[in-house]
Amino acid sequence: MYNCAIILAAGKGKRMKSSMPKVVHKVCGKEMVNHVIDNVRKANIKDVNLVIGKGSETVKEHTKDRNVTYSMQEEQLGTGHAVICAEEFLKDKKGTVAIFTGDAPLITNETIQQLFEFHNSGKYAATLISSTVQDPTGYGRIIREASGEVKKIVEHKDCNEEELKVNEINSGMYCFDIEVLLNSLKNLNNDNSQGEYYLTDVIEITKKSGDKVGAIVVPYEEIMGVNSRVQLSEAEIVMRKRINHKHMVNGVTFIDCESTYIDVDVEIGNDTIIYPGCVIQGNTRIKEECTLYSNSRICNSVIGSGVIVENSVILESHVGEGTTVGPFAYIRPETKIGKSARIGDFVEIKKSTIGDNTKVSHLTYIGDAEVGSKCNFGCGTVVVNYDGQKKQKTIIGNNAFIGCNTNLISPVKVNDNTYIAAGSTITKEVPEGSLAIARSKQINKEGWLDKKGLLKK
């Protein structure tokens, strides 16, 4: 059986009050429309078509790696009109098409699979997704036959007294036999107060043709649409709970999961402990037995097993197993830190490689450098990597001891097994096995304060 999907992503999203199309706003690190696309893919649906309109180029840019096709809806004349705009996608296809909305990011791949299975096994012409809610005010009601089939969808304003008591509501997501849908679209009109073409009318047309219409009931959170920043926040809360629950089931400890923020594509190994206030973003991979103390942010990075991070920021970098980072360290993009290293408080590392067992304990800046293993950086060391025009490189070998308050003026090389005296400004290569001293000789002028009249008596 051939299955495909159409995702409606042309809405203007006026209530978002944004220059961006609504569907590219993110929920837990991923655009809403990409949540829908990815879950459709997980349900083994290969052919996906996006109906786009406002901000179409922006939507294309955010979905360009998703292998989807596009249909253009120049004017937004209703959901039915949006599907009409995708007729070319459906042309010459036979099978089943599901229709989803790009602003409902909480739909799961399990529900999508259930929708197709229910529709195809029951040989329905149309199947819709519904939900039961305590307060259905404002929603279209699902009215069923005694057999359980869907009889009709009635908009709230058109409900009679009995229909108002119904708490099963329409989600705006459907499954259709493609041939039935295309035939029904030919009979769709915009004879209503808004002058729009409604997809709900296709259900009525299908029913009048004598075809079966079914419905599956899912939790309300799965059909939640996002039309405002408030609803975006509500969707974020639901998604975050799902994400954190998944990690806890997989063996991750959260001290307070309500105040831990993890993007949907993050992977975390078992026996890792996460304290409140941590933010883990992008495609970060955290291995087992790590400890992330409060107020740490990690984005698009790989963290080895047994790493401890405390009150620090790690961006687009790799941290080797057994390393400790922080408190208050800043690991900038393109940094690779080896195993069992120590990156301490108020240390900033940018676009550098740090070897195994190297200690950079406090108040140090390292940029555009290659640092070997078992090195020690004293407090206040600065790699002076910028000459006013471009960044220069510093190379430090293994077992180098860098004294406190040292400036390494790039480009410069410090070879293996070297010492640099505290307070030095290094501008030339330091040979292997040597001690480098680059500071002025101390001069003591005895009696100077008394001569200047500065000595307090």
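We number each residue from 1, going along the chain as drawn.
Here the Cβ of each residue, glycine as well, is placed from N, Cα and C on the backbone.
For reference, Swiss-Prot has these:
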- His362: active site, proton acceptor (ACT_SITE)
- 8-11, Lys22, Gln73, 78-79, Gly140, Glu155, Asn170, Asn227, Arg332, Lys350, Tyr365, Asn376: UDP-N-acetyl-alpha-D-glucosamine binding site (BINDING)
- Asp103, Asn227: Mg(2+) binding site (BINDING)
- Asn385, Tyr386, Ala422, Arg439: acetyl-CoA binding site (BINDING)
- 1-229: region 'Pyrophosphorylase' (REGION)
- 230-250: region 'Linker' (REGION)
- 251-457: region 'N-acetyltransferase' (REGION)
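Shown on the structure are the features that Swiss-Prot records.
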{"residue": "Leu8", "record": "UDP-N-acetyl-alpha-D-glucosamine binding site", "Cβ neighbours (10 Å)": "30"}
{"residue": "Ala10", "record": "UDP-N-acetyl-alpha-D-glucosamine binding site", "Cβ neighbours (10 Å)": "28"}
{"residue": "Lys22", "record": "UDP-N-acetyl-alpha-D-glucosamine binding site", "Cβ neighbours (10 Å)": "26"}
{"residue": "Gly78", "record": "UDP-N-acetyl-alpha-D-glucosamine binding site", "Cβ neighbours (10 Å)": "21"}
{"residue": "Gly140", "record": "UDP-N-acetyl-alpha-D-glucosamine binding site", "Cβ neighbours (10 Å)": "23"}
{"residue": "Asn170", "record": "UDP-N-acetyl-alpha-D-glucosamine binding site", "Cβ neighbours (10 Å)": "24"}
{"residue": "Arg332", "record": "UDP-N-acetyl-alpha-D-glucosamine binding site", "Cβ neighbours (10 Å)": "17"}
{"residue": "His362", "record": "active site, proton acceptor", "Cβ neighbours (10 Å)": "19"}
{"residue": "Tyr365", "record": "UDP-N-acetyl-alpha-D-glucosamine binding site", "Cβ neighbours (10 Å)": "18"}
{"residue": "Asn385", "record": "acetyl-CoA binding site", "Cβ neighbours (10 Å)": "22"}
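Geometry remark: Asn385 (acetyl-CoA binding site) versus Lys22 (UDP-N-acetyl-alpha-D-glucosamine binding site), CA distance 43 Å. Measuring Cα to Cα from Asn227 (Mg(2+) binding site), none of the binding-site residues Leu8, Ala10, Gly140, Asn170, Tyr386, Arg439 fall within 10 Å.
Among the recorded positions listed here, namely Asp103, His362, Tyr386, Arg439, Asp103 has its C-alpha nearest to that of Gly78 (UDP-N-acetyl-alpha-D-glucosamine binding site). Rounded to the nearest whole angstrom, the C-alpha distance between Ala10 (UDP-N-acetyl-alpha-D-glucosamine binding site) and Arg439 (acetyl-CoA binding site) is 67. Here the Cα atom of His362 (active site, proton acceptor) is found 16 Å from that of Arg332 (UDP-N-acetyl-alpha-D-glucosamine binding site). Comparing C-alpha positions, Arg439 (acetyl-CoA binding site) sits nearest to Arg332 among the binding-site residues Leu8, Lys22, Arg332. Arg439 (acetyl-CoA binding site): 13 other CB atoms within 10 A of its CB, across all protein chains. Here the candidates are the binding-site residues Leu8, Lys22, Asp103, Gly140, Tyr365. The one whose C-alpha lies nearest to that of Tyr386 (acetyl-CoA binding site) is Tyr365.
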